Each structure stands twice: as structure tokens, then as C-alpha cells.
Amino acid sequence: MASYPGHQHASAFDQAARSRGHSNRRTALRPRRQQEATEVRPEQKMPTLLRVYIDGPHGMGKTTTTQLLVALGSRDDIVYVPEPMTYWRVLGASETIANIYTTQHRLDQGEISAGDAAVVMTSAQITMGMPYAVTDAVLAPHIGGEAGSSHAPPPALTLIFDRHPIAALLCYPAARYLMGSMTPQAVLAFVALIPPTLPGTNIVLGALPEDRHIDRLAKRQRPGERLDLAMLAAIRRVYGLLANTVRYLQGGGSWREDWGQLSGTAVPPQGAEPQSNAGPRPHIGDTLFTLFRAPELLAPNGDLYNVFAWALDVLAKRLRPMHVFILDYDQSPAGCRDALLQLTSGMIQTHVTTPGSIPTICDLARTFAREMGEAN
């Protein structure tokens, strides 16, 4: 029988899981929400992969939490895919993050027009999104169907990503739109470029009281960042709407059927923290769809132009299959790590597509980290 890295080096993660209330790594990192398969397909004989995307507003503690979780496993058992900081600062463009914050500041000070700011922001967001989108495309051929047996073995590999492509292709553009430095047309152009959602896409969003969030962000030192409280409020709002949108879609919501329930073109007020899938289906007015009832997108009869409606169809199609989890960051770094480990027990694995997929994926992740990680 072929041997895969996760089968050889699972003991470190097993021990960590047991010490935190899991019987073994099988329960710590094996999905619960799976259905029994009636017959075994060739794909189901392949090892499984767990992909976890740690996302949400900047400054919550995502990177620290992720690094602590990764430290629980062996090098071949769990692989971390960091933010592509070197690409943003050097390879893709010069100091992209600093350029974004400087442009917003100049707009806020009246030094440049909204149109000039939008040109810079749109270009910068292309740079921010490129590493995520291309990595997703390279990974896609190795991702098979979601594991279909409650008796599936522990994953041969766990990949922990610092953000999903929707961060750069949806959430941050939408927040910049709320800040007045990007057009709604540009936001929907990015939406049209979001890659198809792969099976087993587990996204972890965060909850943290705003005052605590501001305090953490003020203490953080990232190259090029400014403490922009208006932007922090905007991105918190967008991620809250994102969580609501996934719940809305998975609860059977249809933006086309409910569009008439939106009134006016006002931006939704500040929302509460992202919520789990529990509770009633959100109103369309509490989802991302409400952002796009903008005059620039509407025909004279008040309906969306078809090209923009098609973009919202893409948005719905991309978000509906996602498995969203909420992590409470209002605790110590170790507490956040343990809570994240607990969340993984309910996440969805996928089979890989070839016997060589696991080492290929490992190599892809390490190449990404080596070439574009912050240490470069």
C-alpha cells in the first residue's frame, strides 16, 4: 500500500488533539457532516485532504492563531500557506499595501478625486488577488469530491491558508466601495473573477468586539499599514454581510426573487458579529446583495442591467457551497488555537484525485511560502 505523509507523521497532532478533548486526530480533523456512500468509487480509495481558510478582517489575530495551530503538527502533517507578502511588496508591485492606505488617506484629505482613487485601488486589488487566484487554479485539479463516509481515515494532509481568494476578490473591494475609493462596477468585475468554489472549502471567519479589535490592530506592526478606523468598520461590516449571505443562500434564499424587498440605495448599517448557521435565514437586506442596489448599476426602469445581474448570479454560485465557521477571537492566543482545533472536527475533507496529489500539493504550498511568504 502506498504511504502518504499524514499517515506517517500523525502522532504529534494526535497527541495535541487528545490533550484538548479529542480522542484522536481522526475525530479532531475528520468531518462529521458526511453521508454514507452506497458504493465505493475509485476516487474514494484516494487519501483525503483537509483545507482550512482562515479569513476575516485584518488585525483579529488570524496569523498568530494559525501559526500556533500549525506548530501542533509535524512538518509533513500540516502545512501553512501564508499571506503572499513578498508578492505584494516586491514581486507583483512595489509596496502595494502602503499604496492602498496612502491612496485612501489622500482621498479622505481631499487631495485626489474618487475617480483617481478608484483607478489606483482597482489596480492594487488585482495585485492583491493574483497569488490567491492562480494558486487556487493550480490546486484545483487535485481536489476530488467531498469525503462521503463517516468512517473516513484522518486526512493525509491538512492545508491551512491565510485567507481565501474571496478576501481580495470580494471582501476588500466591497469595503473599499463603502469607503468611496472603488466603484460598484469594479467590485462586480472582481466578483466575476472569483474562481469556482472547490469541494471541501472550509472558511473560518472571526468574531471579536470592536473595541478589542481596535486595540489589537493598534498594537500590530505591518509594513505599509495605517490605523484606519473607518476602513476597519467597513471590512467588519462586509465580513458580517458575507456570513449572512452564505446563510441566506444555504437557507434557500434567491436574490432574484427577493430583490424587490430592497428599498432605496442606502448602505446597510453597522451589523453584528458574524453568526454561525444557527437561526433563521437572514433578510436579503442583511446580505452582500444589498450593496449592489446602487444607481450606477440600475437601468432607467430601476432593474439591474443584465451584465451586473449575471455577476450577482456568479456571487451566489460561488458562496453557496462554502462551509463557514465562526471563531471567537476574544480569548488568549492559546485559547484561539484550541478553539480552532475544535472547529476542525466539523470540517469537510475531500479526496485527492491521483496517488501523487498529496506530495504535489505539499510542494505547491511550500513553494508558495518560500517564494512569497513574509520572511523573504
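The backbone N, Cα and C atoms fix where each Cβ goes, glycine too.
Note that the coordinates shown come from a computational prediction; the quantities given were computed from them, not determined experimentally.
Annotated active site, proton acceptor per Swiss-Prot: GLU83, in sequence order, evidence recorded as sequence analysis. The ATP binding site annotation in Swiss-Prot covers GLY56, PRO57, HIS58, GLY59, MET60, GLY61, LYS62, THR63, ARG216. What Swiss-Prot lists as substrate binding site is TYR101, GLN125, ARG222. The annotation compositional bias 'Basic residues' is assigned in Swiss-Prot to 19-32. As annotated by Swiss-Prot, compositional bias 'Basic and acidic residues' applies to 33-44. The region 'Disordered' annotation in Swiss-Prot covers 1-44, 260-280.
Shown on the structure are the features that Swiss-Prot records.
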residue : record                       : contacts (Cβ under 8 Å, 6+ apart)
GLY56   : ATP binding site             : LYS62, VAL204, LEU205, GLY206, TYR239, PRO274
HIS58   : ATP binding site             : LEU217, ARG222, GLU225, LEU232, ILE235
MET60   : ATP binding site             : GLY206, LEU208, HIS213, ARG216, TYR329
GLU83   : active site, proton acceptor : THR63, ASP162, ARG163, GLY373, GLU374
TYR101  : substrate binding site       : GLY224, GLU225, ARG226, ASP228
GLN125  : substrate binding site       : ALA168, LEU169, TYR172, PRO173, ARG176, MET182, PHE190
Mapped DSSP class for GLU83 (active site, proton acceptor), helix or strand or coil: coil
Densest Cβ neighbourhood among LYS62, ARG222 (binding-site residues), 10 Å radius: LYS62
Where MET60 (ATP binding site) sits in the secondary structure, as DSSP reduces it to three classes: coil
CB contacts for ARG216 (ATP binding site) [other CB atoms within 10 A, all chains]: 16
Recorded substrate binding residues, TYR101, GLN125, ARG222 - maximal Cα separation rounded to whole Å: 18
Greatest inter-residue Cα distance in Å for the ATP-binding set GLY56, PRO57, HIS58, GLY59, MET60, GLY61, LYS62, THR63, ARG216: 14
